[in-house]
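Quick notes on the structure that follows.
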Amino acid sequence: MEPHKKINQPTIVFIFGGSGDLNKRKLTPALYNLFADGHLPEMFLVVGLGRTDYSDTSFRNYLLKNLKTFSRRKVDAKLWKEFSQKIAYLDFDANVKNDYNKIGKLIEATEKKWKAAPDVLFYMAVSPAIVPPIVTSLSRLNICKQKNCSRIVVEKPFGHDLESARALNKLLLTYFDERQIYRIDHFLGKETVQNILALRFANALFEPIWNKRYIDYVQITAAESIGIEDRGDYYDKAGALRDMVQNHIIQLLCMIATEPPVSFEDNEVRNKKMDVLNAIRKIKKEEVSRYAVRGQYAGGWMKGKKVKSYLEEKHVAENSSTETFAAIKFYIDNWRWQNVPFYVRTGKYLPDKSTLIIIKFKEAPKFSFPAQATDNWKANKLIIRIQPEMDIRITFQAKIPGQEMLLAPVDMIFDYDESFKEAQPEAYETLLLDAMTGDATQFMRGDQVEKAWEIIMPVLDFWAEKKATDFPNYLPGSWGPDQSDALIATDGRSWDLVIPKNNAHADNRSKK
């Protein structure tokens, strides 16, 4: 069957860092699956650039070996043979200016061969430090001056703080228009995240109650059951707030809180998200302790395995105050969300790997029911699970079978795997296809990036000035430090437990 979204324009994708981890694990599997599903044009070429000594053939063999591990579908020999002919490799050093001539010559040769001018996508699958010299050197190529046929994809982190984010945006906008720049956050490519807007605006059931009159609070949890592994060099300079909250979690918050767009044209959707960012209440430095909590994992045991403390990890500074857990309370000061708290948390070595959003509604009146009927009373909740499984559930009250009027909470569950039997595309498939077709809806705009940094900078600055004195302050397998529970308990609330799949009771609480 012909796919609904197909690239018709001849296209070349240049992957800087072609021999690196991101390409072998995510990008090549995504492109292979897009090819297998019929989304790519006949005239298509993907070019890996790197310093590893590969020929076209050896590079293809390297990718095939990893594709068998990381592709969501089994590699078909016939399909791979056809797809592999669209793969090339260039020996390339980002710091050697003459190497950029190889890119220009390859584009010219391919255009001559195809007898058609291609769209060109430059993908920065490299360290953030290498992006500026690449961007500056690429600007000398004629293709980058053709605004309608060249695009650049930049991976997070988009800066280390507000100042560096502004510098990166200034550099990118010196050589590219905003319409050419695609700042990728793979969370936004996940099916459940994309379904948030459909859930809200395609169903009359939800929009009338999606406001402060009916919603008590929103919780967003992005939990990881692993430590930092071998990323000490990066993580010790970043921490949980930079790594997860500034991008992934704030973007999820925007999806939940946004106003209805006039259309789903990319800039219209992004304008609405920007409105949310502008309405987030600024946290003053002197108030950080009331709104934010940080933690760092100790050594201990995790699922029967002994684990190191953060300070014992490789490439972590002695007495580091880098947080591996962060929880923040946000408020959005607009008509829809005034005084509704948005509680967010993320951390390493938490009990389960899970990302979920919980919208808790205000309780219905109980007075008409007998006292014993409401012993198990739980407020209605809408729960959106993003990973590892993808489902949406609603908890509500139902009568327990029997002669008495007794109530208990039950769930209605929409499960992606059960409802849609076809294989779901990986996030990078969706986002690569969008970038190649010029759809920027799921990508962050420069002003969004800067505003997200502006929101968290008071917390980062306060934590940098006031070093933690209680680190490490949580055990592996717990839900973070005690202060995280206290943060939400001061409002008379508690964190909702990350919910195992098919658990009949959605309202269990976190346990230490």
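In case you wondered, yes, glycine gets a Cβ from its N, Cα and C as well.
Substrate binds His186, Lys190, Glu224, Lys348, Lys353 as TrEMBL records it, and from the list Asp161, Asp243, Asp333, Asp375 the residue named for this site is Asp243. The binding-site residues under consideration are Arg51, Lys156, His186. Their Cβ neighbour counts within 10 Å are lowest for Arg51. If you compare Cα positions, Lys348 (substrate binding site) sits closest to His248 out of the recorded positions Arg51, Lys156, His248. Local packing around the Cβ, expressed as the count of other Cβ atoms within 10 angstroms, is greatest for Lys348 among the recorded positions Lys190, His248, Lys348, Lys353. In this structure, of the binding-site residues Glu224, Asp243, the smallest number of CB atoms within 10 A of the CB marks Glu224.
Among the binding-site residues Lys190, Glu224, Asp243, Lys353, the ones whose Cα is located within 10 Å of the Cα of Lys156 (NADP(+) binding site) are Asp243.
Comparing the Cα of Arg51 (NADP(+) binding site) with the Cα of every entry in Lys190, Glu224, Asp243, His248, Lys353, these being the recorded positions, the smallest distance points to Asp243.
Separation of the C-alpha atoms of Lys353 (substrate binding site) and His248 (active site, proton acceptor): 15 Å, rounded to the nearest whole number.
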